Structure formats: C-alpha cells, structure tokens
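For reference, the structure is listed below as structure tokens.
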Amino acid sequence: MTARHRTTLARRVGLPVAVVALLVFTLFPVYWMVSTALDPKALTRGSDVLPSGLSLEHFEFVFDKGDFGTYLLNSALVGLATIVAAGVLSLFAAIAVARFKFRFRTSVLIMILIVQMVPLEALVIPLFIQMRDYDMLNSLLGLSIVYIALSLPFAIWTLRGFVATVPKEVEEAAYIDGASWPRMFWSVLLPLVAPGLVATSIFAFITAWNEFVFAYTFMKSSDKYTAAVGIYQFFGENSTSWGPVMASSTLVTVPVMIFFVIVHRKLGSGLAAGAVKG
Amino acid sequence: MKDTLVGGGSGAPVRRDPPRPDGAAEAARRRKKLITLTRPWLLLAPSLVVLAGLLLWPLIQVGKLSLQDYEVKFGGGVGTFTGFDHYRDLLTGDLLWQTVLPNTVFFAAACVGLTVALGTLVALLLNRLGPTWRLICSIAILAAWAMPAVTGTYVWIWLFQPQDGMASQIAGSLGLIDPETTNWFTERGPFYAIATLNVIHHGFPFVAITVLAGLMTIPKELYEAGELDGANAWQRFWNITVPTIKPVFLVVTILSTIWDFKVFTQIYLMPGGDGSNPEVYNLGVYSYIEAFAKNDYGAGAAAAVLLTVLLLVITIVYIRTLFRQGEEDL
C-alpha cells in the first residue's frame, strides 16, 4: 500500500468519523435537554436515549406553577433595552474612533479593551452596594443599565471594524454633493454599517438574555426574575425535578439558537471585522 | 502605553493659509476647527460616561472596599478602614494556595488548551468539507455556542447526576463505577472535569469559526508548494498554517484565557459550587461567597481585586500582541 492509498483511506474513513463525532458532541446536550423536557417520565427514567413518551406537561408546569411567562417577558424587556441603548451608544463611539483622528484616541481604545476584561465578580459587589444606595435593586431598568455597560466594549470594538471598512471616498462623495454630516450619517454610513449593527445587537441581546450573576444578585422578588434566574428555582440541590428544569432551559435556549442560525453569516463577518480583522 | 496619534489638535502642524481680510471668515474657520476637535468627543461621551460609571468607578470602589470592613447599618453601608488586613488574611491562608488558586489556574489552563486545540481541529475539518456538510456542521456548532451558560450547565449536571444521570448509568453498566454511591460532584477532580467539558462545549465554536475565517485567507498555492516539497499534513500544518495565521491563534488564545479565568456561572450552579463545598472554590466563586453569603464585602472585594490583577496582566499581554501585529494601526 503506497502512502497515497493510505491518505485516501484515512480521508474516506477519517472525515465521516470526525463529522459524526463533532455532531454528537455538539448536539447531544441539546438533544438531551429537549428530550428530557418532552419526556413525561423525566423524573423516574434512567439512561434511555429515546424519551418514554412525548408530552408538554413540563412546559405547562413551568408556565402555570412557575410563572415562567413573566420571566421570559422580563428577559425580553431587558434585552430590548440593552440592544437599543448599546446599539446607539456603540455606533457613535465606533464612528468616533474609526473615522476621526484625535488626541488620546489610542488611550480610549486601550481603556475600552481593559474594561472588557474586568471580571463580573469584581463588579457585582460594588454595583450591588451602589444600586442598593440608589434604590435600584430589583429594578429591570437598573439591570438593563448594567447590561448596556457590559455589552458596550465588545460592541464598540466590533462596530469600529465595520465603520472602518466603509470607504472614505463614499463619504467624501456625499460631502461634495453637499450633504450635511447628519444627512451623510443617515443615508450613507448607516445603511453600510447595518450588518455590523445587526451583529452587535445580537451580541448585546445574548449578553442580557444569558446573564446570570447580576440578575441573580440584584433581583430579589420573583416577579422581577429574568428567565436565566427563573430556571434556578426549579433546581434543587438534592431533589431536582429535571423535567421542569429542562423545559425552562429549552425555552431559554431555543430562541437564541434560532437567532444564531438566522444570522450566522453576519455573526461570522462581525467577529472577523471586530475581533480578528482577518 | 504612549499616545502616538496626534491629529487635529494643538500638536498638528499649522497650515499657513493666506491671511484673510474679513473677520467673519476667520470666525468660521475657528468654529470649524472647534467642531473638528470636539466632534469625536461628543460622539464618545455617552459611551464613556456609561463605561466610567458602571465599570471603572465600581472597579475603584472595589479597591477601596478591599481595604475596609463594610457593614450594613440602618439601611446604609458603613466602611471602616482596616488597611491590608483582608489581603493579609487572603494571602497567608491555605485555602488560597491549596484550593482556590490551583482550581482557578489549572482549570483555566485546561479549558484554554483544549478549547483552542479542539476549535482548530474543527476549523481544519470544516475547511475540508463540501458546502452541504460544512453548513450542517456549522449549524451544529452554532447550537453549542448558542446554548446559554446557565442551561448548558444544567444539561451537563443532568448528564452526570448520581444514580440516574446518563453518564453515571453508562459508567455503571460498564462496571466502572457504582452509580448508587458515586457522586462525581463531591471531589474536585471529577467536578472540574465536568466543568471543563461544559466550558469547552460552549467555547470551542468561537475558536473554530474565527480560525476557519483565518484558514480561508491562506493562499492554496502555499499548500501545493509544500506538497511538491514532500511535506506531510502534519508538517504543512506547522510550517504553513500556523505561521500564516499566527495572529488569529494569538487572539483566540488570549481571549479564551481571559474568559476562562473568570468562569463563574458554570461553577456556581454545579452541586456544591455555590459554596457548600469549599474544595471546588475558584477565585470568582470565593469572592462572591465571602461577599454575599458571609456578608464580608471587604474580604470578597480583596479576592475580586486579586482576580482583576491576574486578568490585567493577561490583558496587557493581549494588548501588546494586538499592537505587535503592527500593520493595522489601532
């Protein structure tokens, strides 16, 4: 057997094996979550790969007994506020750092990079005290403000890449045609950075939707829980009913997955433009 | 780091325009210059205010808090300055050196190494697949990525749950463990192994997709030339792929390091991770427990400062790497 034959054999067997392994590793946890959520006997069953039956009773339970509708609504509201505010603020900032040369521009960019690494656990203590002193604990607005701050550094960084890729000539042409700056912004720049804005909004929304530490620490009454915190109450240290936990997990996860699949192209180019500039 | 960019401001060379006789034009010119100077700052102001108020100011506060004993009295907080007591307690205790720091560092190192290795392998795989299978695999990767940390963690707990978890049942039927008595979560080895699986599952898609973007920029001719010279796949990877997209590897490695040092949710939600089992503390969880479970905000703040300093060192490496990439001016 020549080296060439061995390579083809390895390719013929190796590729499918790798693909199957990848699909199992990535999808099995997702499958297991959904299958447990739909399995009426989720409490008592062992390790069967297929659910013992299909029913929506765990989903009904989390809505009726657990008030999960309120949690999902809270998460959506906080996420929406975060998208809008973080989108507007980061676009302005990205234009400033990508389009204008000014003193301390590099310093500003370095500061943005540094705050991106600040650990949440370091912030949660002082912010908890601050929020308590301003009577903003247990408030969806207070939580949204925190999420806006958390998503800003990455959003500015990503959008900066997009603004930089808009050719300056396009803007200059608009100026020569007599467009004012705001006019240029609305009709030239905004449409061109729209894909970047979409990517940024998704990241901002996901940040808010998934975040646990702040929501868990700040939101004291159960009607203010976000969905990520809402699952926690179905989870008991020793006697967890896995059906409701997995049903609520599914409700939190599936919207994000649908999001990701719809926008995955823009997500890729967003990362490429922002994080890597490849 | 030095601010190297000077433009528009006082440092810019003054252009010698021919003197203008009327003052109105002079005023207009000045106003224009003022706009040029202030416009970027006006655009930046809202973001800077938010970042300063919610990230920078709390960071200063946590530093101050770490030097205090903080007590809640009459609905308000009262801080008593205690100097470096919290740091002394933290740095001289066995818990930090034998449990907290090893857990944090080894866990982060394992997660980063495995995430980058797996992400790179998957990127190489995706790069070889035809369009249909590449799309299928990409969507599977997106699914893993999209799974929130909270729900992902619950699924991994459920899989390894003592007695009825699937992994426990399989290991039991293979005779490896007794599923009735084995609890994977009580010892820090298995506990962190499960946490590592969880973090890799959630973290490798970012690496895979970013590295794939890098791979697609490598000209095919390089590999053809390598093949002609008799280089095997392994040699082609190390001598062509790695050097060509080294910046991509550096960035994903450093970003993963920053993320994996501050893993909190995935540990806190696991059985025993909420502080009931001190064996499995990492720096973030330790800080949180001290502050919110023991109401010792000062001690929690000291641990938080330590974590921040660790991450600051990593971030400096990150920034230096970005700058060294050179050709793109920041």
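Glycine residues also receive a Cβ, built from the backbone N, Cα and C atoms like all the rest.
Listed in TrEMBL for this protein:
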| type | residues | note |
| --- | --- | --- |
| COMPBIAS | B:1-11 | compositional bias 'Gly residues' |
| DOMAIN | B:101-318 | domain 'ABC transmembrane type-1' |
| REGION | B:1-25 | region 'Disordered' |
| TRANSMEM | B:41-60 | transmembrane segment |
| TRANSMEM | B:105-126 | transmembrane segment |
| TRANSMEM | B:133-159 | transmembrane segment |
| TRANSMEM | B:191-216 | transmembrane segment |
| TRANSMEM | B:237-259 | transmembrane segment |
| TRANSMEM | B:297-319 | transmembrane segment |
| said: Using Cβ atoms and a strict cutoff of less than 8 Å, what residues sit near the transmembrane segment (B:237-259) while being 6 or more residues removed from its termini? | reply: 108, 111-112, 115-116, 119-120, 124, 203, 206-207, 210-211, 213-215, 217-218, 222-223, 226, 231, 311, 314-315, 317-318, 321-322, 325
| field | Dominant neighbour of the transmembrane segment (B:133-159) in B:41-60, B:105-126, B:191-216, by Cβ pairs under 8 Å | value | B:191-216
| Any residues 6+ beyond the ends of the transmembrane segment (B:105-126) with a Cβ under 8 Å from its own? | 134, 137-138, 141, 192, 195-196, 199-200, 203-212, 214-215, 237, 241, 249, 252-253, 256-257, 260-261, 263, 282
